[in-house]
Structures are given as C-alpha cells and as structure tokens.
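Since the structure comes first, as structure tokens, the remarks are kept for the end.
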Amino acid sequence: MKLNKLSLSLAITLALGSTFGMAHAQTTATATKAPVATSTKASTQAPAQKAEAPVKAKEVLPAGVYPDTKDNWARDAIQAMTEAGYLSGYADNTFRPGKSITREQAATIYSKVLQHNMNEQELADLVTKENGISYTDIENDRWSNTAIKLVGAAGVMEGTTKTTFTPSKAMDREEFVASAANLVKKIKPDTPVKFEKVTFKDGASISKAYVADIEYMAQRGYVASGATTDFNPSQPVTRAQAATILNRILNGETAPVPSKTTATKDDVKQDAKKVENKAKAVEKDVEKDTKADAKKAKADAKKAEAAAKADAKKVEKEAKANKTDKISESKVEQTPRIVRPVRRSTLKPLDQKQQDALENSVFTQLNKTYRTPEAFQDYGVMYWRDNQLHVALKSSADMDTVKANLASQGNSTINNYVVVEPSQYSQTEYDVIESNFRNYYSKNEKGGNVIAIFPDVENNQLYAVVSTASRETQQGISKVFGSKVKMTVKH
C-alpha cells in the first residue's frame, strides 16, 4: 500500500463478508500521484495533455528501484529500504534521492524501524511512556502524531524545544546522524566498534551537542570519516543518504573505510575484522538459501491470491444477486453518519489510457488544495471501485473544496466517474496500520502469508486476507487493532 504511481497494478478484487452477511464490492487500491515535484516550480497544467500523447512502453524495473534511482549511487540501499517497507516513493513513481527529509518524516521512518525490531513488551513499555509526550505544534489528529510520540518515548528524537517539535523542518546531517545513533543504541546496543579513532576534515564545524553521537556512528562504520572526508553537518540530509545510513544499520553494511591517518587499528582489531568478514561470507551463503525459499513461498502466495480473487468474484456476484432490504437496513444502522454517493455501476468501463487521463485531471485539481505531492496522502486516499475513481477525504471542508474545484471544470467524465466521499483514515494512516499488522502477523504466524491487503474505506478499516491464523493470533489481532483491521483466513 505504498504510495507509488497510479499504475493500478495493485488492483485487488475481493469480496468482503460483513457482520450482516453483505459482500463488499470490488476494491482497487491505488496510489497518490501528483504532476508537480516540490523541488521545482513547474506548471501543474501539463498532466491532462500528457495523457493524449502516444503510449510509450515503460521500462520494467526490479521492485524497489525507481526510474530516478536505477543509476544512483545509493540504488541498492534505497531498494533494500523500500522493499523492507521503511521508505517509499512519490506519487509520480520517483524517489527523488536528492530531496531532503523533514523531522516528522524521519520520525515516521524511525517508528517503523522500532516496531519491526522490538518485541511486544518493549513496545508496550514505550506506549506507556507516550502519555507524557506532547507538543503544542503537533495536533492529536496530525498524521505523524503517533510516530512522533513513539520515537520520543524511545529516546530516539526530541523536540526542538520542550514544547515544540517543528515537524516540517528539514533535518540537517548532524541532527539526523545523532538521532540515528539513538536508534542504534535502542535496537542494536551491542554493535561493535570497528574504528578506534575517527575524525573529519570539517570536524570543527560540528555542533558540540552532536559530536559524541556522530563519532559513535563513525566508529561503528555507519558514516564515513577520514582526514579528507567532510561531514557537512549543516547540510540537509538527503533521502539517498538517509536510506544508506538506515541500510547500514539494519543490514550490516559498512561505510567506506577511513584513511589510516584517522582510523588506527592494532593487530587484534585486524584479526577480528577478518573473522567478521568470514562470518559475513557464511551469512551470505545462508541468505542465498533463504532467498530461494522465499521465492518459492512468494510463488505459492501468488497462486493462492489468484484463487482468492476467483472465489471473491463468485461471492460478489452471488451477494449482489441476493441482496435484501434487511441487509441494506443493517448497513445503514452500522454507519449512520456517512451518506455516500450513489454508485453508477452501469457506466461504460474506462480503458487504461482513459483512467490515466482522468487521474491526471483530478490530481491537477487536488494540487490546488494540497500543493505538494506528499500532502494528499496525509489527508485522504484514492482508489478505483465499481468503475469509478473515489477520492476519500478526512475533512468535510476539504470535500466541499475539492468538489467545487472538480465541478468548475465542466468535464462530463469527471462528473460521471469521480466520487468524492468521507474517510476516517488517510493513505499514510492506512500505511501505518498495514505496517503494524504485517509486523504482528509475521511474528505470530511464522509459516503464514499475507495474500492480499487493502483499505476498505467504506467501513473505515484495513482488509487483510491471510493463508493461516491460529485462534490466538485472531484474538490478538482483534485485541490490538480492534475495528481497524478485518482479517479473513483463506483456507
């Protein structure tokens, strides 16, 4: 459910069995995209015209590799962190490796790492500490609020003052590396020292408050150092740099070895390094075998997913044929606050080119409200369902604005095929729920697979289909996630 380009390749057709027996309609999870990059001031009027251009064959890239990272120096790290779910690309299917990251974005990344690398008791202890953390510039309903509280409770990040967090401030390199050091101390406190002495060409310009943490990271090989190496403490940390440091922390990679003049080792250290390299070689052999097993499991999961889709279509067809007034009344009683637009199931289906053109037109209007490519995913979610493009927003005021902007276009395709509706969660919040669910499920069902997962906006929950789940796991999911997650076991 990462917010990549609206390629619609993530379309998942499943029937959702509600408490009252009604099958939910086909849902296609889609992603947010915006035609304007925040790093430029280019016009936002081009997308609709681009849709009319001849369709060009798209280059097929490996999962986690983006068009603007395939030749980037940090390609492998970006791919690894994307595949692990810690980082994601932008709506236009780019990663923008040279773009800086904000404090709340860093908090969200660290939050995911903590949740994946700490046990339930440790996380429970952090949740207890969260109650004492609050900032005047972080509203309770802000998309990053939960992540900011978690990293604060873990001691990974603090506010810029005692009362403010300054979430939108870009992080500089010294601040990011210092917070990354706190992360290492939390999840990998026994990381050995690889270089006894470290220094930087511009070491005198590093803030005193961050010197110890930066040396800590350099000594363990997470950041490069040396007599000719500049640390550039005040420069904004880029997405590529952040991905590289995270990859080194989580996957045992090492920064370039510093020069002898700034990083000395005795003979014992050198021997230990040789042993460590041999151990890594053995680990790589084991990793190859593990990847082979994972590949087979993935193939089996795809087969199961195909079977689930076929069954879902059948159930959906039967449910539509046997829909009763009683079911309709039950559904209205379940969600009395939401009045949704009538679905026009008789509309002529749009082909891929028409869908792309419609998405571009809609996003041009959305940019008038949300302005940046990242913003929409924090306030809403977009998906295809019943041959209509649904724009689900958390704010009723935003709904009115977006409806007015769309109506002002006088476009019959927009009027007929676009539905603006309410949503309790944004795409970002659904991503967090999914990440937490996957972590919980993988820890409790070692042999299980998540066959399909997508947001069920109409019922304000994440719908997941899994291959197996014990009674204890099902009860745990219900207790931990409540109504946020609806899990079904595909036998």
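Any Cβ shown, glycine's included, is placed from N, Cα and C.
TrEMBL entries are annotated by machine, without manual review.
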Range among 31-54, 103-126, 223-246, 391-414 that TrEMBL annotates as region 'Disordered': 31-54
Summary of DSSP states over the domain 'SLH' (131-194), given as helix, strand and coil counts: 25 helix, 2 strand, 37 coil
The domain 'SLH' (61-124) [mean pLDDT, rounded to integer]: 92
